[in-house]
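Database features (Swiss-Prot):
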BINDING   Pro12, Met13, Val14, Gln88, Lys160, His188, Asn222, Gly223, Ala224, Ala249, Glu250  FMN binding site
ACT_SITE  Cys117  active site, proton donor
REGION    359-384  region 'Disordered'
COMPBIAS  363-374  compositional bias 'Basic and acidic residues'
Amino acid sequence: MVTYAGKLVLAPMVRAGELPTRLMALAHGADLVWSPEIIDKKLIQCVRKENTALQTVDYVVPSKVQTRPETLVFRTYPKLESSKLIFQIGSASPALATQAALKVINDVSGIDINAGCPKHFSIHSGMGSALLRTPDTLCLILKELVKNVGNPHSKPISVKIRLLDTKQDTLQLVKRLCATGITNLTVHCRKTEMRNREQPITDYIAEIYEICQANNVSLIVNGAIRDRSHFHDLQANHWKNTNIGGMIAECAERDPTVFDHTSKPSEDGPSWVVACREFIQWATKFDNHIGNTKYMLSRIVPGKSVFFQYFARCKSPEEVSFVLKQLNDDGSAQTDPSEYLENCRAQEKALKNANAIAKQKRKQTDHIGSDTKKQKVVPLPTDI
């Protein structure tokens, strides 16, 4: 069974936590990686498929329209993730959480419940940080997962929360959660209304850890951890405990190499150039959706760089690859790819117009054929 104590891990992040980011983080020393939050009902709809071309396991929602492709919900690469992937589920129902977890349990290393996300898409159905206001439901979800999923499959169940309004309320909740049978507790050291630009509250991490330790539950702390060097400094000088783990979110989104055990300056240019090139390699290898690739590049590439706009104008992996070839080691542009991108848009427009004309012609042909069928043949008189 996977262990969490003292580990430095990649946070669950919607959009940013897809396969290329997770694999890049693992390649640079992340001990564990979390999947993005997947809602229970969405996962239950999925069909599991083994992608032999990519050697991945894909969870897809079949299309209701035969001409439309299926929707990829989650993709994992067992060769590198099999023992290091924690799957996060968004749920407000013990039954649905259990059903969803059973669907994916054989392809992941553990199940985590999201009880900390304050975004509307999580809380509107009682999920995410809304569960902090319904602790009875949260505890029941965890107990059911431990009983019906974790124990039978020898896989850990964990939960990620935020701080409550008071220290006393937080510690009381931690006691209840640790009594459910979970293996790990992740605490985002900010209250629900706090934003990431605000400094995390770390005054009573030691007391949270004591409760966890008494229940044989490991503790991971999330909030403003920059990289592995910073994590080790927190363990040694602030938390004074090497058994407390750390979770990196925003800094890993901007640069998934922050898990490296060494922080030596790269000889290949600015860190964002190195990260950009490597991320595109991972994205290309695993057929990442162009929208997600562009999102991650918008996080990795500085806004002041001309390449921020160049990548934003791309609409295909081929265009991303072309733009990347123009990127010098120092972050400057070898040539301006604008003309190439404009030609791509012109070709796209021409193809769209050609398809529209062809569609219109088909409609006219179908209309003529329909009118012909409607015409009645008048028989000639028989007495001529």
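Positions of Cβ are set from backbone N, Cα and C atoms, glycine also.
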Applying a 10 Å Cβ distance cut-off over all chains shown, what neighbour count does the residue listed as 'active site, proton donor' have?
24
Enter the number of other CB atoms within 10 angstroms of the CB of Glu250 (FMN binding site).
16
Given the binding-site residues Val14, Asn222, and counting only Cβ atoms in the protein chains shown, which has the most within 10 Å of its Cβ?
Asn222
So how many other Cβ atoms are close to Lys160 (FMN binding site), meaning within 10 Å of its Cβ?
26
Number of Cβ atoms other than its own within 10 Å, given for Ala224 (FMN binding site):
19
Under DSSP, is Glu250 (FMN binding site) helix, strand or coil?
helix
Can you tell me the CA-to-CA distance separating Lys160 (FMN binding site) and Cys117 (active site, proton donor), as a whole number of Å?
9
Binding residues Pro12, Met13, Val14, Gln88, Lys160, His188, Asn222, Gly223, Ala224, Ala249, Glu250 (FMN) - maximum C-alpha distance in whole Å:
21
